[in-house]
Structures are given as C-alpha cells and as structure tokens.
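Asks: Handing you this structure, nothing more for now.
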Amino acid sequence: MDSEQSPIRVALLGGGTVGGAVARKLTSNADALAARVGRPLELVGIAVRRAGRDRSDLGVDPALVTTDAEDLVARADIVVEVIGGFEPARSLILAAMEHGASVVTANKALLAEDGPTLYAAADAHGVDLYYEASVAGAIPILRPIHESLAGDDVRSVLGIVNGTTNFVLDAMDSTGAGYSETVERAQALGYAEADPTADLEGFDAAAKAAILASLAFHTRVSSADVYREGISEVSAGDIEAAREMDCVVKLLSICERVPGEDGDGVSVRVHPAMIPRSHPLASVREAFNAVFVDAAAAGELMFYGQGAGGDPTASAVLGDIVAVARHRVAGGRGPGETAYADLPVLPMGDALTRYHVSLDVADEPGVLAKVAAVFAEQHVSIETVRQQIIEDRDDGRETRGRAQLIVVTHVAPDSALAATVDTLSALPEVAEVTSVMRVVGF
Ligand code: NDP
Ligand code: HSE
C-alpha cells in the first residue's frame, strides 16, 4: 500500500465512557470515516490503567488494549487523549506531539490549566491540537467560535455548560425540593457522580468558561482567572424567589468583553443567577447544555444539545479526528492559538451585574429609609422594592412585626453590590440577609 493509501494510525488513551464510545464508532463506522477522510483510520491501540479487566465492551481485538501508553503514543499519527486529569495526560500529549502526532482531547481541566503549553508544543512540532469535546460535549461550539466567527467580534458568551448542575437546579424548580435531597436524587439517577464536587462547586464550568473566553476574545484565560461560585448555597427559597420574579436559577458561565476608557478587558465568571423564563437559556432543562453567543455582526446565536455521555461526546471527538486526519491527507494544519489580543482579565469586583437581595427586617418606621441609604452610599440604584409581612409579635407594649424586603437593583459593579450586602448585614434593623443572587439576561 503506498503512503497515499496507507491508513492513518489512531491511538486512544483511555477506554472509559468516552474512549469506549470512540473505539466502537471508529470500528463500526470505519468505511464511512475512511471515505470522509480520504484514507482509512486504523485503531492501533487503546491505553487503559487497569490490566486484566474484561474489555469486550470496546468491541475491538483484545490485543489492542495496553497499559503501556508511552509506547502507544510513539506508534500513532493521531493520539486521542480521553484519560482526563493533569498527569499522565499532559506528558502523554506532549510526547505524542514530539513524535509528530496530532492530538485530539476532551480534557477541559488540562486545557484550562495549561493550554498555552500544549499549543506551544503543537506549534513547535507542526501538529494539530483539537478539543471540541472539552466544552459542552456534543455541541459544536469551539470550532464555530474559533473558525466560523473568526471574522466577527464576539461580545459575550453565556453558557449552561454543566449538565449536573442544570439537572439539579431544574429539578429543584420543578419539584420545589431542597438542594441536598435533589443532589441525592441526581446521584441515584446517574446524573451526578459519586463525588460531584467539581460539578456542583463550579470547577467544571469554570474550566469550560476559560476555554470559551480564550477562543472568543483571542486572549489567554486560565481556570485560575475565572471567578467561581457553585450551586451548593442555592436554597429552595432562592428558587421560589426566582419564580416570583418569573425567573429560573441557572449556573451560568459568563464571558464578556468589557469596553473601558483605557481599553477593553474581559470578565469571566461562573455563578448561579436568576434569568427570566423568557430567555432562551431558561428553557434548557434537565442535563442539557446550551451556549448563547453575541457577536457584533452575527448578532445572537444559540447552540443547544447534550453536554455529556459516551456517544454524544464521542461525536465531537470523532469530528476532531476526521478534521485532523483530513489535514494529514491534504497537508498542513488547522488554526492554532490566537492570543494576540491579550486583553486583561478584570477582577470580579469590576463586573457589571444586578442583584436580587432578600432581607429579614424589623417592620418599623425608618427601616426602609435606612436600607435604601445603604444602597445609595454605594451608588447602587434600586429598581424595585417589595415588602411582605413575615411575622407579627406582641412585646407587651406595642405590636411589632418583621418583614421581608426584596430589593432588585439596577446594574452596578459587583464590588459595590457586595459592599452593600456587607453593610446591610451589620445593620441592627436587619435580622438577616436571607438571600443574595445575581440577576442576568433582562
Ligand atoms: P472514564 O473515567 O470513564 O475513563 C478514563 C479512562 O482512562 C479509563 O479507561 C481508564 O482506564 C483510563 N486511564 C486512567 N488513568 C490512566 C493512565 N494513567 N494510563 C492509561 N489510561 C488511563 O472517563 P471519561 O471517559 O468519562 O472522561 C474522559 C475525558 O473526557 C475526561 O477528560 C473528561 O473530562 C472528558 N469528558 C467526559 C465526558 C463524559 O460525559 N464522560 C463529557 C465531556 C468530556 P481503566 O479503564 O483501566 O480505568
Ligand atoms: N460533568 C460534566 C457535566 C460532563 O455535568 O456536564 C463532562 O463535561
């Protein structure tokens, strides 16, 4: 067989949920993939960690399964890294590139931590680095931002990119149940992992936000640059408060280009937020993902689909394998990192946002004025205030009550809103600040 017809050798690092699905599709769809690439794709091995396990579910010759990943990466034209985590994934990717292999990975944690190192190695060795599956599973979102929108200017990317948290928040909204019991239900149904910390505390969404912002704004953003709050503090009361505003609570990954007098910056943050039920992201139910992009010329674009699972994620991995294999056939590479804009990543305090604040206060003359004065001192403009009596009590001399005050602000810097809440918490007239949530998307 001459080199124009010889197979392109594909090595899989990892044969778990994603790797297994990729292996099965590489085998079952081999003829169609060969036709699309212009040359056959030959699976030359699957590296796993544990020897001696039954791997019949992979649907491949058992002789292809190995625990010697270092040897495998030296025998491939394309290395697909679906092990996850930092090591040995990083070293294996770098070794693969050194051997001249292009790399496809789904590893958002590694890309968000150390993407520039991987890009530099890809440049140094003249190979591709593709990672569509790392954000929002099956949804084509990275290549649309990196390639299809390369002629436009992205203004913002707003995403629901973690299925676990969306499942939990959606279930809390539809059942009225509390956080802990809903997480337990999600685990029982297989939507949340046994240790769901990375999902529930927003680490997974923050890594994805860093990748999205880097591509959208041609600027290096790492997970350490991303402001992060998870959903573990979201209560049934917060969900109910959102409902009263005709909103739902979602864990949002927000990437914005922020114009400034001294030049633009980028704001990248992950936190729960109330969004109006009329917003397209509000209709994203269960464990689905969606990404809402606003670009100067294109306007608003919405991408929706399955953000996880073996087959959906394998779809994105296989799309990357075909893309980099086509480059091998045609000669050349796909686009690399574009970090030329090098915009500063702004601190969370500079982010412009709105707050919904619920306060448990004494229902006495002057309390509302004192509360309003705290907002005014921080130059935070109040949009609406609502009061409802929550308790009456008779202290023997006069009847006093307590009230719930619900304040929704106009847009203000997050630092001013946070300082307002701190000062309110210390007011003697405020028994408790019962809930604080950002409001997005009006
Ligand atoms: P799994 O845990 O299901 O599979 C991991 C695989 O890697 C296993 O086959 C494991 O071997 C193998 N492995 C672990 N350590 C080593 C090692 N040191 N050397 C060789 N092989 C090793 O993970 P997933 O398939 O779920 O995830 C893989 C990647 O895809 C991660 O980066 C993840 O973030 C990403 N991803 C996953 C999605 C999903 O829905 N699962 C969605 C989008 C991205 P063994 O079988 O012996 O344990
Ligand atoms: N754990 C992720 C989620 C899937 O819940 O969306 C992998 O990215």
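We count from 1, first residue shown onward.
In case you wondered, yes, glycine gets a Cβ from its N, Cα and C as well.
No curator has checked TrEMBL annotations; they are predicted automatically.
TrEMBL feature annotations, pasted as is:
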type	residues	note
BINDING	Leu13, Gly14, Gly15, Gly16, Thr17, Val18, Gly19, Gly20	NADP(+) binding site
BINDING	Lys108	NADPH binding site
BINDING	Glu193	L-homoserine binding site
ACT_SITE	Lys208	active site, proton donor
DOMAIN	356-441	domain 'ACT'
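Can you walk me through where each of these features ends up in the structure?
Replies: Reduced to three states, the DSSP call for Gly19 (NADP(+) binding site) is helix. Neighbour count (other Cβ atoms within 10 Å of the Cβ, all protein chains): 26 for Gly19 (NADP(+) binding site).
In this view, Lys108 (NADPH binding site) is surrounded by 26 other Cβ atoms within 10 Å of its Cβ, with every protein chain counted. According to its DSSP assignment, Lys108 (NADPH binding site) is helical.
All protein chains considered, the CB of Glu193 (L-homoserine binding site) has 13 other CB atoms within 10 Å.
According to DSSP, Lys208 (active site, proton donor) sits within a helical segment.
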Asks: Starting from Glu193 (L-homoserine binding site), work out which of the binding-site residues listed here (Leu13, Gly14, Gly16, Thr17, Val18, Lys108) have their Cα within 10 Å, and give them in sequence order.
Replies: none
Asks: When DSSP states are folded down to helix, strand and coil, where does Glu193 (L-homoserine binding site) land?
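Replies: Looking at the DSSP assignment, Glu193 (L-homoserine binding site) belongs to neither helix nor strand, so coil.
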Asks: Around the Cβ of Gly20 (NADP(+) binding site), how many other Cβ atoms lie within 10 Å? Please give the count over every shown protein chain.
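Replies: Other Cβ atoms found within 10 Å: 23.
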Asks: Return the single residue from the binding-site residues list (Gly15, Gly16) that has the minimum number of other CB atoms within 10 Å.
Replies: Gly16
